[in-house]
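Visitor: TrEMBL lists B:195 with the feature active site, tele-phosphohistidine intermediate. Feature annotation from TrEMBL assigns active site, proton donor to B:493. Marked as phosphoenolpyruvate binding site by TrEMBL: B:297, B:333, B:445, B:446, B:456. Annotation source TrEMBL lists Mg(2+) binding site at B:422, B:446. The domain 'Phosphotransferase system enzyme I N-terminal' feature in TrEMBL is assigned to B:16-132. What TrEMBL records for B:159-230 is domain 'PEP-utilising enzyme mobile'. The annotation domain 'PEP-utilising enzyme C-terminal' is assigned in TrEMBL to B:263-531.
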C-alpha cells in the first residue's frame, strides 16, 4: 500500500469547489484512493464523502491506495491539495 | 350554482392571491411538478447487481442532462449545474444504494434511503454544506423520476413565453429560469417576502403568490394574470385578455416620462435608491436611473464560509461598490447575521427564538472583532474613493446600542453614522436614539414581523405583514416624529417603499428617501410625480387613522391620481 500526507492549502478548506476539483481528479485516476483525516476515511473520488470529511485549511490528510503503481497519481493529488483551489 | 371544481362545465374562473410584482401577462402555463417520491408499490430487490446497474444508468442519465443544461448557460448558473452534475454520479451514493439493495429494499426506496444518510451528514455540518442538501435532494428526485420513467421535477425548458405555476419555487429551481421566457409566476404558497417574490421583483416578472387553487390547474390551462391586483384568470375570455393588455399599455404610458431624480409634483425631493447585496448588484444598479444605494447588505461576504473575510477582501469589495456609484450616496448596513443566519466562525449557540436572539448589532457586540474589521475596511474604502458613504447598524433597540455603535464608527473617521429602525422599541423611542446618530432607515419587513409578532417566512401570516397594517404605519409615524424632533433624515429600505401607493404614504409621514429593488424605482417615481406633498400628507393622515389595512389602502386609493392605479 502506498500512502502520502498532504496539508490542505485551500483557504475555505476541502469544501465546495476545492472538494469538487479534488474528487474529479481522484476519479480520473481510475484508482481506489482513500483520503483520511484522523480516524475518518473517505472515498477520494466521491465529492460527497470528501465534503463530509470536513477537512479545514491547514489540516493534514493522508492519501492511500492498495495499487503499487499509484505513486505518480498520489503525488499529483498531494500537489493539488497544496494549492489554494478556491482561487483558481 | 355551478360546481367550481367541475372544469367541464365552465373552465373560466378567477383565482386571487397576493400580487408581489406588478404587470400583466396572458400565456399558456407550465406546472412545476412536485417530486413523485418513492414508489410504494415496487417489489423488493432480488437482484442487487442488476438493480445497482439500473441506478448507475439512471444517475448517468441525470448527470448528462444536467451537464447539457450547464453548457447552455454561463456564470454562476453554469457552476451550480456542473457541481450538481458531478454529485449525480457520485460513487459514494452508488455504493450506499448497493448496500440498501442487498438488504432487499426496492429500487427507489434504496435511492431515497441512501441519499438520506448523506443529507443528514451535510445538514449537521451547517453553513455551505447544509445548503448542498437541497442539491442532493434534487439529484435524488431526478434519479427516482428516471427510474420510474416520469418527467423530471422542477421547471422544464421553456420554448415560448409561459406562466410558471408552482407550489413555491426553490432557489435551485429559479437558477435555471430564463427570464426572457417567464411571462409570469403563480404560486400556491410563499408570501410577499419569500424567495419567489424577491426574485420576481428583481427581474420585473409579474407574479402572484398564495393563490388558492393554483395547484389544481392543468397543463392545458391558459392564464391571464395581473401581478398588481393579485388576480389570476383561468381560461380568460378575449375581452379579459384585451382588458389586461390595455392595462399593460396604460401602465407603460404612465411610466413613459419617469426618469431623473425622485420628487413630488410640487418639487419636494425624495431620492430613490436601490437595495443591493453584492458588488455585482452594485455594478448593475449603478447603470440604472437610481440616485444611489439606500441599503447595501454586507452579509454575502460573511455567510457560507469557515472564516471571516479578511480586511483586504472587505476593503476591495467596499471600494468596488463605492466606485460603481461614484458621487452617488451609498448606505452600508454592517453585518446582519446570527441566529437565523448563523456564521460558522461566530457561533453563539442555539437560539430558542432565532428572530428574537443574538442577531444584527447584538452579534456585533458579542463579536466586536468582526465589526472592528468591517469598519476599518469601510474607512479604508472611503479614503480610497472619497465616495458618499453612510454606515448603519441593524437591529438596534436601545440608546446604549446606538451610542456604542456611533462611537465606534466615528472613531474610524467615517462621516455619517445611522441605525436601522426595525424593532418597535426603536420606532417608539426614535428621538432618543436619533440624538446619538445622524440618520435612520426603517426596515419595514422586520418592523412588520416584530410589530405583528408574525414570522416573515410564514406564508399563512402574509395578511399580518401587509404594509397597510395600521400599527405598522403608526410605527413609521413614530419614527418620523422622532426624526423631525432631532432634525435627522429617515429613510425606508423595506419592501414597502417599492409599492407606489405605500410610498406616497411614507413620504406623507415624513420619510425623506426610499430604497427598493431597482426594478421598482420607475413606478414609484411616476407615482410621486403625480402628487404634491400636501396630498401625500393627507393620504398619510387618513391611512394612519384607518381601522384596518384594507380601509387604509382604500382611503389612499380614493385620493390617488387615477393614472397611479395603472401602475399597481
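Our numbering is plain: 1 for the first residue shown, then up by one each step along the chain.
Every residue, even glycine, has its Cβ placed from backbone N, Cα and C.
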Visitor: When you tally the Cβ atoms that lie within 10 Å of each candidate's Cβ, which of the binding-site residues (B:297, B:333, B:456) has the highest tally?
Guide: B:333
Visitor: Return one of helix, strand or coil for residue B:422 (Mg(2+) binding site), based on DSSP.
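Guide: Reduced to three states, the DSSP call for residue B:422 (Mg(2+) binding site) is coil.
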Visitor: By DSSP assignment, list the helix, strand and coil residue numbers for the domain 'PEP-utilising enzyme mobile' (B:159-230), in that order.
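Guide: Output for the domain 'PEP-utilising enzyme mobile' (B:159-230) reads 17 helix, 19 strand, 36 coil.
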Visitor: Per DSSP, what is the residue count of the domain 'Phosphotransferase system enzyme I N-terminal' (B:16-132) in each of helix, strand and coil?
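Guide: Breakdown, helix to coil: 75 helix, 14 strand, 28 coil.
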Visitor: Highest CB neighbour count within 10 A among the binding-site residues B:422, B:446?
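Guide: Its Cβ has the most other Cβ atoms within 10 Å: B:422.
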Visitor: Rounded to the nearest angstrom, how far is the Cα of the residue listed as 'active site, proton donor' from the Cα of residue B:446 (phosphoenolpyruvate binding site)?
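Guide: With the alpha carbons as reference points, the distance is 11 Å.
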Visitor: So, in DSSP terms, is residue B:493 (active site, proton donor) helix, strand, or coil?
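Guide: Note: residue B:493 (active site, proton donor) is coil by DSSP, not helix or strand.
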Visitor: Hey, how far is residue B:422 (Mg(2+) binding site) from residue B:333 (phosphoenolpyruvate binding site), Cα to Cα, in Å?
Guide: 13
Visitor: Would you please pick out, from the recorded positions B:445, B:493, the one with the fewest other Cβ atoms within 10 Å of its Cβ?
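Guide: So among B:445, B:493, the recorded positions given, the one with the fewest Cβ atoms within 10 Å is B:445.
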